[in-house]
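Peer 1: Here it is, the structure, as structure tokens.
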Amino acid sequence: MPAYRSRTTTHGRNMAGARGLWRATGMKDSDFGKPIIAVVNSFTQFVPGHVHLKDLGQLVAREIEAAGGVAKEFNTIAVDDGIAMGHDGMLYSLPSREIIADSVEYMVNAHCADAMVCISNCDKITPGMLMAALRLNIPAVFVSGGPMEAGKVVLHGKKHALDLVDAMVAAADDSVSDEDVKVIERSACPTCGSCSGMFTANSMNCLTEALGLSLPGNGSTLATHADRKRLFVEAGHLVVDLARRYYEQEDERILPRSVASKKAFENAMALDIAMGGSTNTVLHILAAAYEGEVDFTMDDIDRLSRKVPCLSKVAPAKSDVHMEDVHRAGGIMSILGELEKGGLINRDCPTVHSETIGDAIDRWDITRTSSETVRNFFRAAPGGIPTQVAFSQEARWDDLDTDREKGVIRSVEHPFSKDGGLAVLKGNIALDGCIVKTAGVDESILKFSGPARVFESQDASVKAILGNEIKAGDVVVIRYEGPKGGPGMQEMLYPTSYLKSKGLGKACALITDGRFSGGTSGLSIGHVSPEAANGGTIGLVREGDIIDIDIPNRTISLRVDEAELATRRAEQDAKGWQPAEQRKRRVTTALKAYAAFATSADRGAVRDLGDR
């Protein structure tokens with residue numbers, strides 16, 4: 001039977017000093033011997049998705065102690081990708097994922113915690129904590145802060161549902177008046193919570209449900225709704241139960257690596273493809289699998305993308321549908337339920353809350369459950385009142401969206417498309433693959449060919465787009481923005497948003513070794529691997545070269561013969577794989593440290609220390 005890890009610091013005469021320090025934190029004689037549970041919070045006033053988390057850590061802590069554990073809270077950092085967007089701040093976003101994972105490991109191992117509750121929400125925080133959980137492999141439960149309500153505004157007599165991306169697009173569209181931009185800006189992000197579309201934060205919180213590490217409803221229950229409080233209360237009790245099951249009953253089925261098995265990763269990726277999740281999830285799923293020593297690669301994603309249909313389209317793919325609408329349609333368990341009916345889910349994977357994910361689907365899918373409690377849970381609606389307070393409203397929809405033919409969630413017989421919402425493309429420009437969010441691509445441009453417009457940085461591309469230098473039919477190529485080349489693999493939300501503002505969203509393509517915001521739509525192809533800084537072919541593209549993109553056949557090719565590419569490669573080897581133009585970019589020691597070990601996107605942009 002495994003001993004509680006915390007006994008290392010709480011038992012024995014030689015630990016008198018450590019016990020003295022524990023007592024100074026409030027522990028009493030009766031607490032020594034109880035499981036010590038780390039409450040891993042990520043509160044910050046910088047991020048709307050985390051601004052309401054300050055008191056939620058202590059809410060969980062009280063429930064842990066009521067269940068017989070000892071709760072000890074600490075905080076990680078949290079970067080707001082939207083605020084960091086469009087300037088050098090974005091260089092820090094992806095590297096912060098590794099810092100978060102490391103900081104959780106440092107705190108939990110240094111203090112010998114027995115288990116943990118991870119309170120995350122936004123883009124890199126959930127992935128960082130997930131990586132840590134799989135690295136540590138101690139009992140863990142995830143509970144996120146929840147999605148923001150969608151913005152609502154009436155413009156020129158017409159009602160619109162809004163999100164962050166609408167504000168960005170409107171600001172760059174010269175046809176939108178200053179007054180309308182102000183109205184959109186003030187309405188786009190009305191409450192606390194992660195941005196309201198199927199962007200990276202919400203995508204990742206949904207995937208923790210599919211992995212089996214969070215409670216049903218975690219990905220879709222609004223941050224403002226009173227129903228979300230139950231998830232935090234249950235997480236506190238659940239984690240103590242999991243700790244006892246592992247340390248006292250030797251039940252290893254509840255450990256993160258047992259729950260998040262290869263089959264569970266397949267379930268999560270099937271969900272991601274079906275719901276048209278952010279392309280960033282591919283990076284994070286690969287990185288999490290790496291930490292858990294799960295053999296899950298781009299080839300697995302490619303295999304799944306060829307058989308899983310797109311069952312839901314949410315903003316940015318469908319601008320009038322947001323997470324509150326997904327919840328009304330039954331949330332993640334109902335999407336998994338539709339996949340399961342099509343034989344696309346592994347039912348036998350264990351979860352932290354149910355014997356198997358199949359059992360959870362049977363109870364929580366609104367099209368098959370007999371529980372009125374479950375159905376009422378998914379009636380939780382937006383309150384429509386701007387607020388930064390969690391659990392502050394109790395609005396309910398009058399009815400649920402159970403229309404699986406034309407509703408927000410479709411059946412496998414009535415998909416939005418037979419091809420899923422994400423696809424892996426390969427070809428001479430991306431030998432190790434690249435990713436496109438097909439759910440956001442108009443059918444008219446699933447096949448596209450055009451001349452390359454080459455830029456050595458995101459900034460240069462933005463200048464050209466806003467300067468009307470990009471024309472319909474062009475393929476915008478942004479390189480040296482990968483994990484190593486950036487460094488930090490910036491998101492390209494501004495270039496894609498500005499293309500849309502210029503009326504080119506369905507007339508141009510954009511490819512990059514960088515990545516995209518979950519708010520990106522259009523023919524935006526990212527994660528090109530190998531990246532330019534690692535000698536990838538994207539570094540050999542020249543102005544005017546024709547690039548062919550064929551999403552149905554999963555190919556992307558540079559129309560240049562092998563002999564010419566070999567000549568260009570020899571020339572580039574001599575020059576060194578770095579931008580041809582000097583960039584005004586301050587790369588600090590911290591960023592250099594990340595770049596020194598960063599791998600390309602096909603490996604999740606994890607650090608390669610040469611130990612595997």
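Every residue, even glycine, has its Cβ placed from backbone N, Cα and C.
It should be emphasised that the depicted structure is a prediction, and the values quoted were computed from it without experimental measurement.
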Peer 1: Looking at Mg(2+) binding as recorded in Swiss-Prot, which candidate out of D81, D88, D163, D459 goes with D123, K124, E491?
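Peer 2: Swiss-Prot lists D123, K124, E491 binding Mg(2+), and from D81, D88, D163, D459 it also lists D81.
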Peer 1: Hey, does DSSP put D81 (Mg(2+) binding site) in a helix, a strand, or just coil?
Peer 2: helix
Peer 1: I need the CA-to-CA distance for D81 (Mg(2+) binding site) versus S517 (active site, proton acceptor), whole Å please.
Peer 2: 8
Peer 1: Cα within 10 Å of S517 (active site, proton acceptor): which of the binding-site residues C122, K124, C195, E491 qualify?
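Peer 2: Cα within 10 Å of S517 (active site, proton acceptor): E491.
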Peer 1: Going by C-alpha positions, which of the binding-site residues (D123, K124, E491) is nearest C195 ([2Fe-2S] cluster binding site)?
Peer 2: D123
Peer 1: Highest Cβ count within 10 Å among the binding-site residues D81, D123: which residue is it?
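Peer 2: That would be D123, with the highest Cβ count within 10 Å.
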Peer 1: Do me a favour and check the Cα-Cα span between C122 ([2Fe-2S] cluster binding site) and E491 (Mg(2+) binding site); whole Å is fine.
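Peer 2: For C122 ([2Fe-2S] cluster binding site) versus E491 (Mg(2+) binding site), the Cα atoms are 15 Å apart.
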Peer 1: Using the centroid of the Cβ atoms of D81, D123, K124, E491 as reference, list every other same-chain residue with Cβ within 8 Å of it (recorded Mg(2+) site), in sequence order.
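Peer 2: Neighbours found: V79, A84, M90, S93, L94, C122, T200, A201, N280, S517.
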